[in-house]
Amino acid sequence: MAIALQIKGLRKVYDNGFEALKGIDLEVKEGDFFALLGPNGAGKSTTIGIVSSLVKKTAGDVHVFGHSIQTDLAAAKREIGVVPQEFNFSNFETVWDIVVNQAGYYGLSRAVAGERAEKYLKKLGLWDKRKVASRMLSGGMKRRLMIARALIHEPRLLILDEPTAGVDIELRRSMWEFLTEINKSGTTIILTTHYLEEAESLCRHIAIIDGGNIVENTSMKALLRQLQKEVFILDTPEAISPDLVVEGFDTRYIDEHMFELVLNKGSSLNEVFAALNKQGLVISSMRNKANRLEELFVGLLNAK
Amino acid sequence: MTLAEQWVAFYTIVRKEIRRFLRIWMQTLLPPAITMSLYFVIFGALIGSRIGQMGGFTYMEFVVPGLIMMSVITNAYSNVVSSFFGAKFQRFVEEILVSPMSNNTVLWGFVIGGVARGLLVGLIVTLLSLFFTSLHIQHIGVTIAIVLMTSIMFSLAGFINAVFANNFDDVSIVPVFVLTPLTYLGGVFYSIDLLPDFWAGVSRLNPMLYIVNAFRYGVLGVSDVNVTTAFLMVGGFTIAAYAYCMYLLSSGTRLRQ
């Protein structure tokens, strides 16, 4: 399988002396759905900026499908579609013009651009808005417009910098479905997000960046295996006592119909239910207290 | 990108630029038409009739070429500086920067957009001038060549201004405080033969004098300066401005962090 993105020893020192990247290495395989996570100011957007050539690197190598951004930038750019964090289109142009003009910048004829614009605007639910000036769109529509624009030249690598920031839950879910669909069709996707649930449900591999360094780079499954414990919230139809004890597990009383239970690595839910049955406790529902990845993420950053 | 793809990209920028200034014609085409009509009425018809002949022509005939050139210069410059700075300000310049277009394609796309507006406004002003005087172009080749070269040169200059501009004040500083005074003092309204020797010498340091006079030579057949010198100067400035624009694009100065 080809390497979609290869980063070696990438360093960036801004003019004000701030070292945003301290020599990171990263590899994303073709077809992957890759999450690049990190707190604000960790270096995610700088990394994306360098790959998409909007930020100049201080040192290191970047190859996109084998094309060096140093020596073969035009070929590398052709392979990439970028959806930035901030809106970056003309407020006065229509949705249609923004997408079709972007195709023109990649040398696509207006006939081809028109066909593709129709395809992606329809898929992203913007077809009815094609004649509307972009400033009239809602926040969610603007995000989808940037995705359509990034896909118009059908890149093999799509980079999305927090694409669902400020997007309502329903729309976020539909964007997840869309991204999953294009990933299945062969497009490699790199995603940065603050919604860890998003990364967990979409991505197969993950890198966590902090302070300009990659602190973790593994598969999502391997990362989640590092989880030492999970906390569940259980609901009971019958009232429980504040002194509730479940044999073999740590618990915390929340209210008379709800309590927390800690499941350590190595234990199974069967054991939990066996213990609950033994005490005659009926459980009406249960859920994770927090996103699993979130716990790991916080743990990794705190461990530094 | 292949040459054909670069052509598509170039055409896309030019088309977008032309559509932009046509869409906002009340800001781009109407003001110079009104301003120049007022110049024709006041300086040409009202005051000009009392001034008499200048350089062997009526005052109206004398000022028309300079006023046309002034419009071309201002509009070619303003189009590129406002459009490219607007793209920087709203960050949609990134659409261009992430694409595989060559720097030449980007630069000439914007420059031809500026040239198109400069020439269109020049044509409008020329047509308006026909209500006040008749024009018999003496050297059509010189006229076309100097107006084209000048509009390219000032489009390039506008691009440089846009790259360095940090706010909208920076966009208007050069047209208001540099271009307009130099053009007014560049022989649009008078022949430098009227000036004392010292001031005539100072005027010869003003590049606008050469541009205005070369155009006047094309239209009327008279000039205060050597026309070959004017072409060499405009050509030299154009090449220097082009080289600097290409340096700015390839180095990413003020465009890439």
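In case you wondered, yes, glycine gets a Cβ from its N, Cα and C as well.
For B:23-252, the entry in TrEMBL reads domain 'ABC transmembrane type-2'. The transmembrane segment annotation in TrEMBL covers B:29-51, B:63-85, B:106-131, B:137-164, B:171-192, B:230-249.
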Interface check, the transmembrane segment (B:29-51) with the transmembrane segment (B:230-249), three or more C-beta pairs under 8 A: no
Closest-packing stretch to the transmembrane segment (B:230-249), where packing means Cβ pairs under 8 Å, from B:106-131, B:137-164, B:171-192: B:137-164
Chain residues in Cβ proximity to the transmembrane segment (B:106-131) (below 8 Å; excluding those fewer than six residues from its ends, i.e. six or more beyond): 9-10, 12-14, 16-18, 20-21, 28-29, 32-33, 36-37, 40, 64, 67-69, 71-73, 75-80, 83-84, 96, 147-148, 150-152, 154-156, 158-159, 242, 245-246, 249
For the transmembrane segment (B:171-192), sequence-distant contacts whose Cβ falls under 8 Å of one of its Cβ atoms, 6 or more beyond its ends: 43, 54-55, 62-63, 66-67, 69-70, 73-74, 77-78, 81-82, 85, 154, 157, 161-162, 165, 199-200, 203-204, 206-209, 211-213, 216, 224
